[in-house]
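Asks: Here's a structure for you.
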Amino acid sequence: MAVWIQAQQLQGEALHQMQALYGQHFPIEVRHYLSQWIESQAWDSVDLDNPQENIKATQLLEGLVQELQKKAEHQVGEDGFLLKIKLGHYATQLQNTYDRCPMELVRCIRHILYNEQRLVREANNGSSPAGSLADAMSQKHLQINQTFEELRLVTQDTENELKKLQQTQEYFIIQYQESLRIQAQFGPLAQLSPQERLSRETALQQKQVSLEAWLQREAQTLQQYRVELAEKHQKTLQLLRKQQTIILDDELIQWKRRQQLAGNGGPPEGSLDVLQSWCEKLAEIIWQNRQQIRRAEHLCQQLPIPGPVEEMLAEVNATITDIISALVTSTFIIEKQPPQVLKTQTKFAATVRLLVGGKLNVHMNPPQVKATIISEQQAKSLLKNENTRNDYSGEILNNCCVMEYHQATGTLSAHFRNMSLKRIKRSDRRGAESVTEEKFTILFESQFSVGGNELVFQVKTLSLPVVVIVHGSQDNNATATVLWDNAFAEPGRVPFAVPDKVLWPQLCEALNMKFKAEVQSNRGLTKENLVFLAQKLFNNSSSHLEDYSGLSVSWSQFNRENLPGRNYTFWQWFDGVMEVLKKHLKPHWNDGAILGFVNKQQAHDLLINKPDGTFLLRFSDSEIGGITIAWKFDSQERMFWNLMPFTTRDFSIRSLADRLGDLNYLIYVFPDRPKDEVYSKYYTPVPCESATAKAVDGYVKPQIKQVVPEFVNASADAGGGSATYMDQAPSPAVCPQAHYNMYPQNPDSVLDTDGDFDLEDTMDVARRVEELLGRPMDSQWIPHAQS
């Protein structure tokens, strides 16, 4: 069902919130009459931080105006005449408003659609059974909104009390002036006759005594009113503090944690709109109470009455200032984090936002934000309020930006679009720490004036830790540092402390999150996959995941120490798996065609009872980012065969599907799926022209085909036909016959001692020969060849 149809069914507060989304910036009538067109446009496809996307935004604006004009032209009749005029007026109004800033229209409509969907979703959840988590969130949000209503009522109550106090005090002052006037009348009585003077004095004295008694009583009443008002403000501030703690220390911190986990591939942190609405309500109520307290102080100064009120007001004034200071400084946040692996001389972006900028009128004097890079130690000193002025660890180009207020969405933000780290100054490293373990952070700082320069706040916020690299080869290890930090950072930590050890299940969760995000797949790591990884990491043979649940993994085990017998770390191997899947094998992983996380012996155990020609794909132990084919073919020499691993470089030449298609003795994908049924949709179409056909320029077109020379004789039997070596080799016109004799005559020279055809262990030798020759090896010498 269309969102607009559901939005029209909202009731109560939800309907009020929906109506508040519209106004001069975007009339609700436009939403109503163009609802279908608006919801069919790709508003989310426009990158608001990319100036080049301005063309898309302009096209959307033009489309909107044209649709409005078209709608207006189709109106007929008496009622249609008025609507025609109104829609035409809206078309002109929107054109004039957004002609020079079409991105703002996109931002506005995205904001409206997001909030409509949220309100509809919340309304639907409220009327139908929902998950316990959703219910808990709804209950929490309901409690927050109820507290805001309570705060609104008590603030209105203190406003009424303040007005009553002011009126009482004004009347008291009038009566006090009257007593002074009476006192002044005693002087002229000396000029009257004794009898008349006595009469007048008696009357004035009676009046004076009565008035002074009244003034004395009223002074006590005033003092009581003042104390009661101050006590009410104290209670209001207690409730405000509690509400602010829930919003800033719970909800906002949770959002920041989600943002941190999103850096590891977790779900998006979500919109800030709800948080901003809460922070704005806080700001509004805090400011109202602050103004009330200041007015109460003014009344006390206007009419001093000895008592405890002055001290009480000074206390609540200091408290309210602390509250507003905490609100402003805590709501200056990084909406879009800079890259956490930051390469020098490379453009990067970030966005900072002040969640209370609109309500406190900060945008009336747009502040400038400055970004600098500081070290972990400098970040610690900053949080201790130590003097770190001009103490930076590098130079960032284009590091200043003025905050802009977006009227349609009510957001105050600064978009750093073209920053670049020109240079970095590294600190002395500790022990075995490498440059890719050194953490920095981007410091954003500004100065905000609140209430017409009445209050001035110096605000600062730190980005998530970043690792600075100077070459792409460092990316792998830098990503490991970021992954560990994002996954295991504890709330309120000293920058940027993380546990040196974590439990294996914790690491499993982080690895699975990263894996699904990198491979862009819903098929995550299974229990069996995690057992394999645990066996690899702990050098253990147990096949029960529960046996590893109590074991700890240290950072050194994760990405500092090499795995036993290997020249790479656990993370480097795992990252290589993600890399090859992401770049070349994603559809096959999603199809379940890659088993992947099994070792050689496990592969043989799985294949032993399968028919000949059954194969599986597993990740290589000897080659980072390598994947190998293991298959069963029972011959006189051996039963199991393992092909030398393919890597990203191989798949950039010929795809996995085509390579498997070339090997016709591979028949079934483990456990029993016909190969062509799984892979045929990924085969590259074969050209219709014959291999000997000549192009216009006279050249013969070659073909690349996967060949396993040592398995040529077996292929005919496995394929069930009369396949010959020539079936798998190029045409003689492309590759001379004499060239074939260069293959080794004794296939056992590349076999394991146990007779298993495993060429993983020959790779280092092959690459060494390649280095000695100073040129790539001929494909004939590589156990699997593109011929």
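Glycine residues also receive a Cβ, built from the backbone N, Cα and C atoms like all the rest.
Note that the structure is a prediction, hence the values are computed from the model and not measured.
Below, the features straight out of Swiss-Prot:
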type    : residues : note
DOMAIN  : 589-686  : domain 'SH2'
MOD_RES : Y90      : phosphotyrosine
MOD_RES : S128     : phosphoserine
MOD_RES : S193     : phosphoserine
MOD_RES : Y682     : phosphotyrosine
MOD_RES : Y699     : phosphotyrosine
REGION  : 232-321  : region 'Required for interaction with NMI'
Asks: Going by DSSP, is Y699 (phosphotyrosine) sitting in a helix, a strand, or coil?
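Replies: Note: Y699 (phosphotyrosine) is coil by DSSP, not helix or strand.
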Asks: What's the number of neighbouring CB atoms sitting within 10 A of the CB on Y682 (phosphotyrosine)?
Replies: 16
Asks: Distance between Y682 (phosphotyrosine) and Y699 (phosphotyrosine) at the Cα atoms, whole Å?
Replies: 28
Asks: Could you work out which of the modified residues (Y90, Y699) has its C-beta surrounded by the smallest number of other C-beta atoms within 10 A?
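Replies: Across Y90, Y699, these modified residues, the one with fewest Cβ atoms within 10 Å is Y699.
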Asks: Using the alpha carbons only, what distance in Å do you get between Y699 (phosphotyrosine) and Y90 (phosphotyrosine) once rounded?
Replies: 65
Asks: Going by DSSP, is Y682 (phosphotyrosine) part of a helix, a strand, or coil?
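Replies: DSSP assigns Y682 (phosphotyrosine) to helix.
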Asks: Going by DSSP assignments with H, G and I as helix and E and B as strand, what are the residue counts for the region 'Required for interaction with NMI' (232-321)?
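Replies: Its residues fall into 74 helix, 0 strand, 16 coil.
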